[in-house]
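As written in TrEMBL, here are the features:
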type	residues	note
TRANSMEM	6-26	transmembrane segment
TRANSMEM	66-92	transmembrane segment
TRANSMEM	112-134	transmembrane segment
TRANSMEM	177-199	transmembrane segment
TRANSMEM	262-285	transmembrane segment
TRANSMEM	311-329	transmembrane segment
TRANSMEM	381-400	transmembrane segment
TRANSMEM	412-432	transmembrane segment
TRANSMEM	444-473	transmembrane segment
């Protein structure tokens, strides 16, 4: 079966290249958006990589700043929502439930075609870059499955070439390649090949055997390797040299591990239960929102007007998501930003500005700030609670709207927010611990564990989630 293994490797390589491409385009669009905003802010440098952005009304144009961010975000959201509403309805919103349904025996029209691939790709990239509270993980799983289906069903004889290989035409082979593509999508996003394999085993497919497990593992390894190989040499589509040199710090959220005391397992168990309760609340609230959404849109008789209403809903979500930017600009404070393509960071001089900056930042960067070790007093209770309430509701509303979006980043962000609140409570009770026995009382460590618990509470994943989190965080 060497040709089957070869095809699995090709699928993994293609998914890895696609994952790299999506991340680079999203980062480039975010950088472009904030470069436009920079024209209306007073800036000055304080070193090689540090810039101060002043958002007061004296020298910076607050109104033009807000209009620039909102205008660019609206343009992306309209294109994102329009691509799935008018171009490929099968691409909305994430595609993961449809993939699971197909692999378990449900036939869904237009799920695997080139229009769905293009529409999902465009919608995912623009939705994440626009500033909506979502991530690229769900659409990446759908795109991986699409690549697995497309490459697995290639017909060389249609091009006048009769090859004695790649003759996989039955439904069982098709499901196998789709399953491998799904796992490769997860592996590419999180750089976790074993996590991708376990995700397909635990969540996606009901038809499984040991041969498929080995082949899916190989596919996930190829996807992770390809994404890491390309990311090691390119940043923003600019070649930076060092081809093939894998820098762990470039892709891992934090690097130094902490020794942990057995006492840490007591709050971990209790707050893991809290994560499950909050996850159940998130799912319940999302189901109610989607029911209301369906009732409202089904009450509109005309199809064109119904699609337009769905598009306007995504626009409304983005406008509300830009409220933190208005708050941050209105606070009249200085914001310190590391030169990584983002304007605002968590280092603000007020609780209002700190909460606003947490929500203005893109999801991945915000999670990095929340999970950072040794930052016991970077955020206060007011800013964290405000950001938690705002992000919880907006991400729940965004899930199910007419854009290609994923829930992994919102789940990790929400869990990290309430985990950091719990960490601050422990710091307030026991103080900042400098000895090795109390080093586990760290808000960043609590944020990491709570992010995993909330993720598990929403997704009902356990083993695969543990492997993914270990791969990402250590």
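Glycine is no exception: its Cβ is also placed from the backbone N, Cα and C atoms.
Please treat TrEMBL annotations as automatic predictions, because they have not gone through curation.
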Message = Let me spell it out: take the transmembrane segment (381-400), skip the flanking residues so only those 6+ beyond its ends count, and list any with a Cβ under 8 Å from a Cβ in it.
response = 93, 132-134, 282, 285-286, 289-290, 293, 317, 320-321, 323-324, 351-352, 354-355, 358-359, 407, 410-411, 413-414, 417-418, 420-421, 424
Query = Does the transmembrane segment (6-26) make contact with the transmembrane segment (412-432) through 3 or more Cβ pairs under 8 Å, each pair 6 or more apart in sequence?
reply = no
Request  = Could you tell me whether the transmembrane segment (444-473) and the transmembrane segment (262-285) are in contact, taking contact to mean 3+ Cβ pairs under 8 Å with a sequence separation of 6 or more?
outcome  = yes
Key: Contact set, same chain, for the transmembrane segment (444-473): CB under 8 Å, 6 or more residues outside the stretch   = 186, 190-192, 194-195, 198-199, 201-203, 252-254, 258, 267-268, 271-272, 274-280, 282-283, 367, 370-375, 407-408, 411-420, 422-423, 426
Task = Mind checking which residues of the chain, 6+ beyond the ends of the transmembrane segment (177-199), have their Cβ under 8 Å from one of its Cβ atoms?
result = 7-8, 11-12, 15-16, 18-20, 99, 102-103, 112, 136-137, 140-149, 151-153, 168, 205, 212-213, 215-217, 219-224, 226-228, 251, 408, 461, 463-465, 467-468, 471-472
Ask   = For the transmembrane segment (412-432), what are the same-chain contacts with Cβ under 8 Å, counting residues 6+ beyond its ends?
value = 133, 267, 271, 274-275, 278, 282, 358, 363, 366-367, 370-371, 376, 379-381, 384-385, 387-388, 391-392, 395, 438, 441-455
